[in-house]
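*Asks:* Here it is, the structure, as C-alpha coordinates.
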Amino acid sequence: MLRKSINFLITEFVLNGHMQSLGAVGIVCVSYYFFFSSSVFRLDLILISYLLFECVYIFDRFVDINHDFLTNFRRSSHIKKYFNYVPIILFVMLLLLFSLLFIYANMISVFTVAVIVGFGFLYPIFFKKLTKRIPLFKNFYVSSVFALMVFLPAIYFENYAFDLIELVVFFTCVFFEAFIGQIVLDMKDLESDKRRQILTLPVMVGMKKSLFIVNLLSLLNLLVFTFLFLYLNFVLGIYLLLVISFMVNYLSVVMVKKNQKSAYLAQAGKFFVWFLGYLIVNMIV
(Lines of atoms letter the chains of each structure in order from A; the text may use other names.)
(Lines give C-alpha, C1' and ligand atoms only; values in the text may rest on other atoms or scores of the structure.)
Protein backbone atom coordinates (compact mmCIF):
# COMPACT_ATOMS: atom_id res chain seq x y z
CA MET A 1 0.00 0.00 0.00
CA LEU A 2 2.78 2.39 0.98
CA ARG A 3 4.78 1.53 -2.14
CA LYS A 4 1.71 2.13 -4.35
CA SER A 5 1.12 5.50 -2.70
CA ILE A 6 4.75 6.53 -3.19
CA ASN A 7 4.69 5.41 -6.84
CA PHE A 8 1.45 7.33 -7.37
CA LEU A 9 2.94 10.53 -5.91
CA ILE A 10 6.14 10.19 -7.95
CA THR A 11 4.15 9.64 -11.15
CA GLU A 12 1.92 12.60 -10.30
CA PHE A 13 4.90 14.87 -9.69
CA VAL A 14 6.75 13.84 -12.84
CA LEU A 15 3.89 13.66 -15.34
CA ASN A 16 1.28 16.18 -14.27
CA GLY A 17 2.95 19.57 -14.59
CA HIS A 18 4.30 19.93 -11.07
CA MET A 19 7.91 20.35 -12.20
CA GLN A 20 6.89 23.04 -14.69
CA SER A 21 4.85 24.77 -11.98
CA LEU A 22 7.83 24.72 -9.62
CA GLY A 23 9.84 25.98 -12.58
CA ALA A 24 7.54 29.01 -12.70
CA VAL A 25 8.25 29.43 -8.99
CA GLY A 26 11.96 29.30 -9.81
CA ILE A 27 11.61 32.13 -12.34
CA VAL A 28 9.75 34.27 -9.80
CA CYS A 29 12.27 33.54 -7.03
CA VAL A 30 15.27 34.25 -9.25
CA SER A 31 13.70 37.51 -10.43
CA TYR A 32 12.97 38.48 -6.82
CA TYR A 33 16.49 37.61 -5.70
CA PHE A 34 18.42 39.24 -8.53
CA PHE A 35 16.37 42.40 -9.00
CA PHE A 36 15.36 43.16 -5.43
CA SER A 37 18.48 41.79 -3.70
CA SER A 38 16.46 39.63 -1.36
CA SER A 39 16.79 35.94 -0.59
CA VAL A 40 13.92 36.02 1.91
CA PHE A 41 11.79 32.90 1.57
CA ARG A 42 8.26 34.24 0.86
CA LEU A 43 5.99 31.22 1.12
CA ASP A 44 2.90 33.16 0.02
CA LEU A 45 4.47 34.21 -3.30
CA ILE A 46 5.86 30.72 -3.88
CA LEU A 47 2.45 29.11 -3.32
CA ILE A 48 0.71 31.63 -5.57
CA SER A 49 3.23 31.12 -8.39
CA TYR A 50 2.94 27.34 -8.09
CA LEU A 51 -0.85 27.24 -7.92
CA LEU A 52 -1.17 29.65 -10.84
CA PHE A 53 0.60 27.27 -13.22
CA GLU A 54 -0.65 24.01 -11.73
CA CYS A 55 -4.29 25.09 -12.14
CA VAL A 56 -3.63 25.73 -15.82
CA TYR A 57 -1.85 22.38 -16.29
CA ILE A 58 -4.59 20.39 -14.54
CA PHE A 59 -7.30 22.11 -16.58
CA ASP A 60 -5.44 21.39 -19.81
CA ARG A 61 -5.00 17.71 -18.90
CA PHE A 62 -8.69 17.46 -17.95
CA VAL A 63 -10.04 19.04 -21.14
CA ASP A 64 -7.67 17.23 -23.50
CA ILE A 65 -7.53 13.80 -21.88
CA ASN A 66 -9.04 11.92 -24.84
CA HIS A 67 -6.32 13.19 -27.19
CA ASP A 68 -3.67 12.63 -24.52
CA PHE A 69 -4.49 8.92 -24.50
CA LEU A 70 -3.11 8.82 -28.05
CA THR A 71 0.07 10.81 -27.34
CA ASN A 72 0.84 10.16 -23.67
CA PHE A 73 -0.92 7.01 -22.53
CA ARG A 74 0.98 6.73 -19.24
CA ARG A 75 0.06 10.25 -18.12
CA SER A 76 -3.57 9.93 -19.20
CA SER A 77 -3.93 6.55 -17.48
CA HIS A 78 -2.61 8.13 -14.29
CA ILE A 79 -5.03 11.07 -14.46
CA LYS A 80 -7.91 8.72 -15.23
CA LYS A 81 -7.49 7.23 -11.75
CA TYR A 82 -8.86 10.43 -10.20
CA PHE A 83 -10.45 12.03 -13.28
CA ASN A 84 -13.89 12.46 -11.66
CA TYR A 85 -12.33 14.42 -8.80
CA VAL A 86 -10.39 16.84 -11.04
CA PRO A 87 -13.13 19.55 -11.03
CA ILE A 88 -13.18 19.49 -7.21
CA ILE A 89 -9.37 19.56 -7.02
CA LEU A 90 -9.26 22.44 -9.49
CA PHE A 91 -11.93 24.38 -7.57
CA VAL A 92 -10.04 23.96 -4.28
CA MET A 93 -6.76 25.04 -5.89
CA LEU A 94 -8.36 28.12 -7.46
CA LEU A 95 -10.04 28.97 -4.15
CA LEU A 96 -6.70 28.70 -2.33
CA LEU A 97 -4.91 30.70 -5.05
CA PHE A 98 -7.27 33.66 -4.94
CA SER A 99 -7.65 33.50 -1.15
CA LEU A 100 -3.88 33.92 -0.84
CA LEU A 101 -3.98 36.77 -3.34
CA PHE A 102 -6.74 38.63 -1.50
CA ILE A 103 -4.99 38.13 1.85
CA TYR A 104 -1.41 38.97 0.87
CA ALA A 105 -1.42 40.78 -2.47
CA ASN A 106 -2.76 43.95 -4.05
CA MET A 107 -5.55 44.23 -6.62
CA ILE A 108 -3.10 44.61 -9.50
CA SER A 109 -1.63 41.22 -8.59
CA VAL A 110 -5.10 39.68 -8.38
CA PHE A 111 -5.93 41.05 -11.83
CA THR A 112 -2.58 39.93 -13.31
CA VAL A 113 -2.91 36.38 -12.00
CA ALA A 114 -6.55 36.20 -13.11
CA VAL A 115 -5.56 37.22 -16.65
CA ILE A 116 -2.75 34.62 -16.80
CA VAL A 117 -5.05 31.87 -15.48
CA GLY A 118 -7.79 32.97 -17.86
CA PHE A 119 -5.53 32.81 -20.90
CA GLY A 120 -4.22 29.46 -19.66
CA PHE A 121 -7.76 28.07 -19.51
CA LEU A 122 -8.58 29.50 -22.93
CA TYR A 123 -5.64 27.74 -24.59
CA PRO A 124 -7.10 24.18 -24.83
CA ILE A 125 -10.59 25.54 -25.53
CA PHE A 126 -9.85 28.23 -28.12
CA PHE A 127 -6.22 29.12 -28.78
CA LYS A 128 -5.10 25.54 -29.43
CA LYS A 129 -6.97 25.72 -32.76
CA LEU A 130 -4.58 28.46 -33.86
CA THR A 131 -1.66 26.01 -33.69
CA LYS A 132 -2.96 24.59 -37.00
CA ARG A 133 -2.85 28.01 -38.67
CA ILE A 134 0.03 29.92 -37.08
CA PRO A 135 3.51 28.32 -37.14
CA LEU A 136 5.10 27.91 -33.70
CA PHE A 137 2.06 29.50 -32.02
CA LYS A 138 2.27 27.15 -29.03
CA ASN A 139 5.96 28.01 -28.53
CA PHE A 140 5.26 31.74 -28.45
CA TYR A 141 2.19 31.30 -26.24
CA VAL A 142 3.79 29.07 -23.60
CA SER A 143 7.09 30.97 -23.60
CA SER A 144 5.34 34.30 -23.11
CA VAL A 145 3.45 33.02 -20.06
CA PHE A 146 6.63 31.68 -18.46
CA ALA A 147 8.51 34.91 -19.21
CA LEU A 148 5.74 37.07 -17.72
CA MET A 149 6.52 35.53 -14.32
CA VAL A 150 9.66 37.68 -14.29
CA PHE A 151 7.48 40.73 -13.58
CA LEU A 152 5.34 39.13 -10.86
CA PRO A 153 7.56 40.07 -7.86
CA ALA A 154 7.53 43.76 -8.85
CA ILE A 155 3.74 43.72 -9.20
CA TYR A 156 3.19 41.61 -6.09
CA PHE A 157 5.28 43.78 -3.77
CA GLU A 158 4.50 47.05 -5.60
CA ASN A 159 8.24 47.59 -5.80
CA TYR A 160 9.18 49.34 -9.02
CA ALA A 161 12.70 50.35 -7.95
CA PHE A 162 14.41 48.28 -10.62
CA ASP A 163 16.17 48.85 -13.92
CA LEU A 164 13.54 48.23 -16.60
CA ILE A 165 16.16 47.39 -19.23
CA GLU A 166 17.68 44.70 -17.01
CA LEU A 167 14.28 43.19 -16.29
CA VAL A 168 13.32 43.18 -19.98
CA VAL A 169 16.63 41.49 -20.85
CA PHE A 170 15.95 38.80 -18.23
CA PHE A 171 12.37 38.46 -19.55
CA THR A 172 13.78 37.86 -23.04
CA CYS A 173 16.27 35.31 -21.71
CA VAL A 174 13.51 33.33 -19.97
CA PHE A 175 11.33 33.58 -23.09
CA PHE A 176 13.99 32.02 -25.32
CA GLU A 177 14.85 29.30 -22.79
CA ALA A 178 11.17 28.37 -22.59
CA PHE A 179 10.94 28.55 -26.40
CA ILE A 180 13.85 26.13 -26.78
CA GLY A 181 12.34 23.81 -24.20
CA GLN A 182 9.00 23.75 -26.00
CA ILE A 183 10.68 22.76 -29.28
CA VAL A 184 12.20 19.73 -27.53
CA LEU A 185 8.91 18.83 -25.84
CA ASP A 186 7.14 19.02 -29.21
CA MET A 187 9.44 16.28 -30.52
CA LYS A 188 7.73 13.61 -28.42
CA ASP A 189 4.40 14.47 -30.10
CA LEU A 190 5.78 14.61 -33.64
CA GLU A 191 3.61 11.87 -35.16
CA SER A 192 0.38 12.91 -33.46
CA ASP A 193 0.99 16.59 -34.29
CA LYS A 194 1.51 15.61 -37.94
CA ARG A 195 -1.86 13.86 -37.98
CA ARG A 196 -3.54 16.86 -36.36
CA GLN A 197 -1.65 19.30 -38.65
CA ILE A 198 -0.26 21.29 -35.72
CA LEU A 199 2.51 23.57 -36.96
CA THR A 200 5.33 22.84 -34.52
CA LEU A 201 8.96 23.09 -35.59
CA PRO A 202 9.51 19.28 -35.71
CA VAL A 203 6.44 18.95 -37.95
CA MET A 204 7.57 21.73 -40.29
CA VAL A 205 11.28 20.94 -40.67
CA GLY A 206 11.70 17.43 -39.27
CA MET A 207 13.50 16.02 -36.25
CA LYS A 208 17.09 16.35 -37.50
CA LYS A 209 16.83 20.05 -38.38
CA SER A 210 14.90 20.75 -35.18
CA LEU A 211 17.71 19.27 -33.09
CA PHE A 212 20.24 21.41 -34.96
CA ILE A 213 18.11 24.52 -34.38
CA VAL A 214 17.82 23.71 -30.65
CA ASN A 215 21.62 23.47 -30.38
CA LEU A 216 22.07 26.69 -32.36
CA LEU A 217 19.50 28.66 -30.35
CA SER A 218 20.90 27.31 -27.10
CA LEU A 219 24.44 28.40 -28.00
CA LEU A 220 23.24 31.82 -29.18
CA ASN A 221 21.23 32.23 -25.99
CA LEU A 222 24.29 31.46 -23.88
CA LEU A 223 26.61 33.81 -25.79
CA VAL A 224 24.21 36.73 -26.33
CA PHE A 225 22.86 36.85 -22.80
CA THR A 226 26.27 36.29 -21.21
CA PHE A 227 27.42 39.39 -23.10
CA LEU A 228 24.31 41.37 -22.14
CA PHE A 229 24.51 40.34 -18.49
CA LEU A 230 28.19 41.30 -18.38
CA TYR A 231 27.42 44.64 -20.04
CA LEU A 232 24.60 45.33 -17.58
CA ASN A 233 26.74 44.13 -14.66
CA PHE A 234 24.40 41.37 -13.48
CA VAL A 235 25.31 39.45 -10.32
CA LEU A 236 27.44 36.32 -10.72
CA GLY A 237 24.74 33.78 -9.93
CA ILE A 238 22.75 34.47 -13.08
CA TYR A 239 25.58 33.17 -15.28
CA LEU A 240 25.32 29.83 -13.50
CA LEU A 241 21.67 29.62 -14.56
CA LEU A 242 22.68 30.25 -18.17
CA VAL A 243 25.27 27.47 -18.04
CA ILE A 244 22.79 25.06 -16.42
CA SER A 245 20.19 25.82 -19.09
CA PHE A 246 22.75 25.33 -21.86
CA MET A 247 23.79 21.96 -20.41
CA VAL A 248 20.16 20.82 -20.08
CA ASN A 249 19.48 21.84 -23.70
CA TYR A 250 22.57 20.05 -24.98
CA LEU A 251 21.91 16.87 -22.98
CA SER A 252 18.29 16.89 -24.14
CA VAL A 253 19.42 16.85 -27.76
CA VAL A 254 21.82 13.98 -27.05
CA MET A 255 19.08 11.99 -25.30
CA VAL A 256 16.52 12.63 -28.06
CA LYS A 257 19.01 11.27 -30.60
CA LYS A 258 19.28 8.14 -28.45
CA ASN A 259 15.47 7.99 -28.21
CA GLN A 260 15.58 8.44 -24.44
CA LYS A 261 12.36 9.87 -22.99
CA SER A 262 14.29 11.40 -20.10
CA ALA A 263 15.15 14.22 -22.55
CA TYR A 264 11.62 15.56 -22.19
CA LEU A 265 11.75 15.21 -18.43
CA ALA A 266 14.99 17.21 -18.40
CA GLN A 267 13.41 20.04 -20.39
CA ALA A 268 10.29 20.05 -18.24
CA GLY A 269 12.51 20.41 -15.18
CA LYS A 270 14.88 23.09 -16.51
CA PHE A 271 13.33 25.98 -14.60
CA PHE A 272 12.76 23.65 -11.63
CA VAL A 273 16.56 23.54 -11.31
CA TRP A 274 16.43 27.33 -10.98
CA PHE A 275 14.06 26.88 -8.05
CA LEU A 276 16.44 24.39 -6.42
CA GLY A 277 19.24 26.92 -6.90
CA TYR A 278 17.16 29.53 -5.11
CA LEU A 279 16.57 27.17 -2.18
CA ILE A 280 20.30 26.41 -1.93
CA VAL A 281 21.08 30.14 -1.84
CA ASN A 282 18.55 30.55 0.98
CA MET A 283 20.23 27.79 2.97
CA ILE A 284 23.74 29.17 2.43
CA VAL A 285 23.11 32.91 2.86
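Note that the numbers count up from 1, one per residue, in the order the chain is shown.
Just so you know, glycine gets a Cβ as well, placed from its N, Cα and C.
Please treat TrEMBL annotations as automatic predictions, because they have not gone through curation.
Quick caveat, the model's predicted, so the values are computed rather than measured.
Pulled from TrEMBL, these are the listed features:
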- 12-35: transmembrane segment (TRANSMEM)
- 41-59: transmembrane segment (TRANSMEM)
- 82-104: transmembrane segment (TRANSMEM)
- 110-127: transmembrane segment (TRANSMEM)
- 139-158: transmembrane segment (TRANSMEM)
- 164-185: transmembrane segment (TRANSMEM)
- 211-232: transmembrane segment (TRANSMEM)
- 238-256: transmembrane segment (TRANSMEM)
- 263-284: transmembrane segment (TRANSMEM)
*Asks:* Compare 12-35, 82-104, 139-158, 211-232, 238-256 by their Cβ pairs under 8 Å to the transmembrane segment (41-59) and return the stretch that comes out on top.
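*Replies:* Comparing 12-35, 82-104, 139-158, 211-232, 238-256 against the transmembrane segment (41-59), the winner is 12-35.
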*Asks:* Is the transmembrane segment (82-104) in contact with the transmembrane segment (139-158), using at least 3 Cβ pairs under 8 Å (sequence separation of 6 or more) as the test?
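*Replies:* No, the transmembrane segment (139-158) does not contact the transmembrane segment (82-104).
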*Asks:* Can you work out whether the transmembrane segment (164-185) touches the transmembrane segment (12-35), with the criterion being 3+ CB pairs under 8 Å where the paired residues are 6 or more apart along the chain?
*Replies:* yes
*Asks:* So what's near the transmembrane segment (211-232) in sequence-distant terms, Cβ-Cβ under 8 Å and 6+ beyond its ends?
*Replies:* 163, 165-166, 169, 172-173, 176-177, 179-180, 183-184, 187, 201, 205, 238-239, 242-243, 245-246, 249-250, 252-253, 256-257
